[in-house]
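To start, the structure itself, in structure tokens.
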């Protein structure tokens, strides 16, 4: 399960070429994450233009998220089989075509279908970004590269609402889809030129595993989005399908071990025998939860409770994105040199302190300027987690399993985001029903803090394999 430092040497590129490929990969990843928060701002305009109901309008967002999550395990594995570069370019193309279809959609039904196409394109290219990064950068520089990758996603999620608001205000909701087109074109041009064509690995995709994972993940995400209490039977079906999926993976692993057959699990369970990968997967669920959910209570408190305008509120949280971008290179260098357990746990402690500060500020009805102070803390904390968590989780995964590992990792981030939005929304709703919006906002921050505690505990299980090459060689 563990690679030596030399295992992937044939795929490693010179530093300049690796960073050029990183730029191309980041463009595709950026628009995929940006889209999830960008379109949310346009929903009122979409509803008005099509005279659509609330549920129909919400499906404009839900269809995209479902189409991203459901195929992620399959598309990650396909990268190992078809090729990461090919899957990335196809995925970006499908995403771009979906965006064009959204911009021209004549009805809400066609718009929802086009959003599903966009989501499928995102699911095809997302796992490839992480898999390629792990193959073209040497172990000792992977932390800084994955730090940039993580911050790209974080900044995309944070800038989406701000950019979406500007585009809708200056133009119309169509602009939130048109904005993707030039980025997609550039990503395709530079991706074709700069992303290397890496060796593939002969695999046969197990169809029952595909069907079970699609059914289980689809019902899981749908049930969480629509409300667990109202869709208990859907959640029960998700548990049954996912349990059957895991049993199927275990059976395939046993057959593979016994007969060396080429049909392998969609999710190789041996991944989780790697302690760093298992802990990193839990950590990314926590970070996905925080990144997707943190702006909901912040913006509610600033805009609806304190009466701050959308533009001013956006500027108040901007320090989070700015400090993340500024610290990312430093944090990445440290991730390649220091004990990941100390670095990641420190990041989670800073995030917890910033979140606790927000709870205190809301309960004390403090000056809104405290939000900018907390945003600085959030930016510092996550800068030291994204790259460290990703690099530590993926550093010792076998090359033949990188696509599958990346698919599971990205899926974990997305599921964390879904749970985060649902959990925080429930806390905010509870406060509204009780007639205490302040309590709802404070409760939402406490829910986020609980998720961060889980990530902190997971980070304590990291081991510094980068500093133990001899031990890694013996473990092969």
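Using the three backbone atoms N, Cα and C, a Cβ is placed for every residue, glycine included.
Per TrEMBL, transmembrane segment is recorded for 21-46 (among others). Nonlocal intrachain contacts for the transmembrane segment (21-46), taken as residues 6+ away from its ends with a CB within less than 8 angstroms of a stretch CB, comprise 13, 52, 57-58, 60-61, 64-65, 68, 88, 91-92, 95, 99, 108, 111, 115, 118, 121-122, 125-126, 128-129, 132-133, 136, 145, 148-149, 152-153, 155-161, 163-165, 167-168, 172-173, 176-177, 179-180, 183-184, 186-187, 190-191, 193-196, 292, 417.
Annotation source TrEMBL lists domain 'Major facilitator superfamily (MFS) profile' at 21-467.
Residues or ranges marked as transmembrane segment in TrEMBL: 58-75 (among others).
According to TrEMBL, the feature transmembrane segment maps to 87-106 (among others). Beyond the ends of the transmembrane segment (87-106), by six or more residues, the same chain brings 25, 28, 31-32, 35, 75, 78-79, 113-129, 132, 174, 177-178, 180-181, 184-185, 187-188, 191-192, 195 to within a C-beta distance below 8 angstroms of the stretch.
For 145-163 (among others), the entry in TrEMBL reads transmembrane segment. Here the transmembrane segment (145-163) has long-range neighbours at 18-19, 22, 25-26, 29-31, 33-38, 40-41, 129-130, 133-134, 137, 179, 287, 291-292, 295, 299, 314, 317, 320-321, 324-325, 328-329, 331-332, 335, 382-383, 385-391, 394, 413, meaning same-chain residues at least 6 beyond its ends whose C-beta is under 8 angstroms from one of its own.
What TrEMBL records for 175-195 (among others) is transmembrane segment. Sequence-distant contacts of the transmembrane segment (175-195) (same chain, six or more residues past either end, CB-CB distance under 8 Å): 17, 20-21, 23-25, 27-28, 30-31, 35, 38-39, 41-42, 84-85, 88-89, 92-93, 95-96, 99-100, 102-103, 132, 163-164, 167-168.
Annotation source TrEMBL lists transmembrane segment at 207-224 (among others). Within the chain, the transmembrane segment (207-224) has long-range Cβ neighbours (under 8 A, six or more residues past its boundaries) at 62, 65-66, 69-74, 231, 234-235, 237-242, 244-245, 248-249, 252, 265-267, 411, 415, 418-419, 422.
Listed as Cβ neighbours of the transmembrane segment (277-302) (distance under 8 Å, sequence separation of 6 or more from its ends, same chain) are residues 36, 150, 153-154, 157-158, 161, 271, 308, 313, 316-317, 344, 348, 351, 355, 358, 362, 368, 371, 378, 382, 385-386, 389-390, 392-394, 396-397, 405, 408-409, 412-421, 423-425, 427-428, 437-438, 440-441, 444-445, 447-448, 451-452, 454-455, 458-459, 461-462. Under the heading transmembrane segment, TrEMBL lists 277-302 (among others).
The transmembrane segment annotation in TrEMBL covers 314-335 (among others). Distant neighbours of the transmembrane segment (314-335): 143-148, 150-151, 154-155, 158-159, 161-162, 165, 295, 298, 302, 308, 343, 368-369, 371-372, 375-376, 378-380, 382-384, 386-388, 391-392; these residues of the same chain sit at least 6 beyond its ends, with a Cβ under 8 Å from one of its Cβ atoms.
Summarising the annotation, TrEMBL assigns transmembrane segment to 342-361 (among others).
Distant neighbours of the transmembrane segment (367-386): 146-147, 149-151, 153-154, 283, 287, 290-291, 294, 298, 301-302, 306, 308, 316-324, 327-328, 330-331, 334-335, 343-344, 346-355, 357-358, 361, 455, 459; these residues of the same chain sit at least 6 beyond its ends, with a Cβ under 8 Å from one of its Cβ atoms. What TrEMBL records for 367-386 (among others) is transmembrane segment.
Annotated transmembrane segment per TrEMBL: 415-435 (among others), in sequence order.
Sequence-distant contacts of the transmembrane segment (441-462) (same chain, at least 6 residues past either end, Cβ-Cβ under 8 Å): 275-276, 278-280, 282-283, 285-287, 289-290, 293-294, 296-297, 300-301, 305, 339-341, 344-345, 347-349, 351-352, 355-356, 358-359, 362-363, 385, 389, 392, 416, 420, 423-424, 427-428, 430-431. The annotation transmembrane segment is assigned in TrEMBL to 441-462 (among others).
Outside the transmembrane segment (58-75), and at least 6 residues removed from its termini, the chain residues within Cβ reach (under 8 Å) are 32, 35-36, 39-40, 43, 46, 87, 91, 108, 111-113, 115-120, 122-124, 126-127, 205, 210, 213-214, 217-218, 221-222, 225, 266-267, 404, 407-408, 410-411, 414-415, 418. Looking only at the domain 'Major facilitator superfamily (MFS) profile' (21-467), the predicted model's pLDDT averages out at 88. Long-range contacts of the transmembrane segment (415-435) within the same chain: residues 36, 65, 69, 220-221, 224-225, 227-228, 284-293, 296-297, 300, 441-444, 446-448, 451, each at least 6 residues beyond the stretch ends and with a Cβ under 8 Å from a Cβ of the stretch.
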